[in-house]
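Here's the structure, in structure tokens; my notes come after.
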Amino acid sequence: MKYTKQNFMMSVLGIIIYVTDLIVDIWVSVRFFHEGQYVFSALALSFMLFGTLVAQCFSYSWFKADLKKAGQESQHCFLLLHCLQGGVFTRYWFALKRGYHAAFKYDSNTSNFVEEQIDLHKEVIDRVTDLSMLRLFETYLEGCPQLILQLYILLEHGQANFSQYAAIMVSCCAISWSTVDYQVALRKSLPDKKLLNGLCPKITYLFYKLFTLLSWMLSVVLLLFLNVKIALFLLLFLWLLGIIWAFKNNTQFCTCISMEFLYRIVVGFILIFTFFNIKGQNTKCPMSCYYIVRVLGTLGILTVFWVCPLTIFNPDYFIPISITIVLTLLLGILFLIVYYGSFHPNRSAETKCDEIDGKPVLRECRMRYFLME
């Protein structure tokens, strides 16, 4: 498996989006504070801290595990870097430094790699894979709530400043990029999996995730206008169901019990917004049930709004928002069907094997026990 120049450029673009997302979030939080909207400022800052703290915890845990596996002692400087929220930046530094040598210093077109070159490419792919997992964590823990908050503020006031529009656009870009980057890293890091080749499969997968996410987020925003307590109760209930589902599947991503517990909590949170295969098993039935419930929940929220329209909500917005919710949901389901019916790399497999145990394992990788697709 080779780490190409295209992969290196994707890593560079990834850190640009990461830094931009971080700067915009801080900018929005400070702007809310100066405008006297202290609750919105605190929420925006809390979402950002929640995502980055969880990412730092997993990053440091993986650093310790890798050092232990290599027979080295854990270094206190890594702990300090993660306490200062620099763990992801440290990983980007190592990944880009080694990735540059793998992509540009060696001839990637040479088929006869020496052992040193193979080890370098394997090392870089593993580092980039770790980053894609951390970015996926942080994006869904911070980006999804942040996007809901910004959409709520936009619809409540009927207008927004440039920073809020920037936050919405950057959040969408971050969610989109981390989702596709994760899918590419998933298949590149596991040699027994087929690669996601071509632009069409990636775009189709992106639209499937993005449209279903956007539809659900707008539905949640409408429910927040109806009743904040009901909306929060629904989200907490779905979070609890996701955690129970993770425990029922007995995920085994972390060697440490406490980190595995945190992982299942995070998985439950991600399942509020989108579906992922948390154990690498056949997901046709669970995915179908998930999106049937999603469709019913979305239609239920829209029905309540049509039956009991709110006077505090601008009626001029409701019709276009309702149309947007329905269209994005339908498009998301359509792209889901197209992706799994035409573009999924495993669709033409002769035998259906368990994603984890059905095929011979060529090498160990954290991604093997992480969220599938």
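Note that Cβ sites are derived from N, Cα and C of the backbone, with glycine treated the same way.
What Swiss-Prot lists as transmembrane segment is 8-28 (among others).
Taken from Swiss-Prot, the feature transmembrane segment applies to 38-58 (among others), supported by sequence analysis.
Feature annotation from Swiss-Prot assigns transmembrane segment to 166-186 (among others); the stated evidence is sequence analysis.
Marked as transmembrane segment by Swiss-Prot: 203-223 (among others).
According to Swiss-Prot, the feature transmembrane segment maps to 224-244 (among others), an assignment based on sequence analysis. Counting only same-chain residues 6+ beyond the ends of the transmembrane segment (224-244), those with a CB under 8 A from a CB of the stretch are 148, 152, 155-156, 264-265, 267-272, 297, 301, 304-305, 308, 310, 312-313.
Under the heading transmembrane segment, Swiss-Prot lists 256-276 (among others), citing sequence analysis as support. Using a Cβ-Cβ cut-off under 8 Å and counting only residues 6 or more beyond its ends in the same chain, the transmembrane segment (256-276) has close neighbours at 54, 57-58, 61, 136-137, 140-141, 144, 209, 212-213, 216-217, 235, 238-247, 283, 286-287, 290-291, 371-373.
As annotated by Swiss-Prot, transmembrane segment applies to 295-315 (among others).
Per Swiss-Prot, transmembrane segment is recorded for 318-338 (among others), and the stated evidence type is sequence analysis.
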For the transmembrane segment (203-223), which stretch among 8-28, 166-186, 318-338 has the most Cβ pairs under 8 A?
318-338
Close approaches to the transmembrane segment (166-186) from elsewhere in its chain (Cβ under 8 angstroms; 6 or more beyond its ends)
10, 13-14, 17-18, 20-21, 24-25, 27-28, 125, 128-129, 132-133, 135-136, 138-140, 143-144, 146-147, 150-151, 154, 193, 196, 202, 205-206, 209-210, 213-214, 367, 370, 372-373
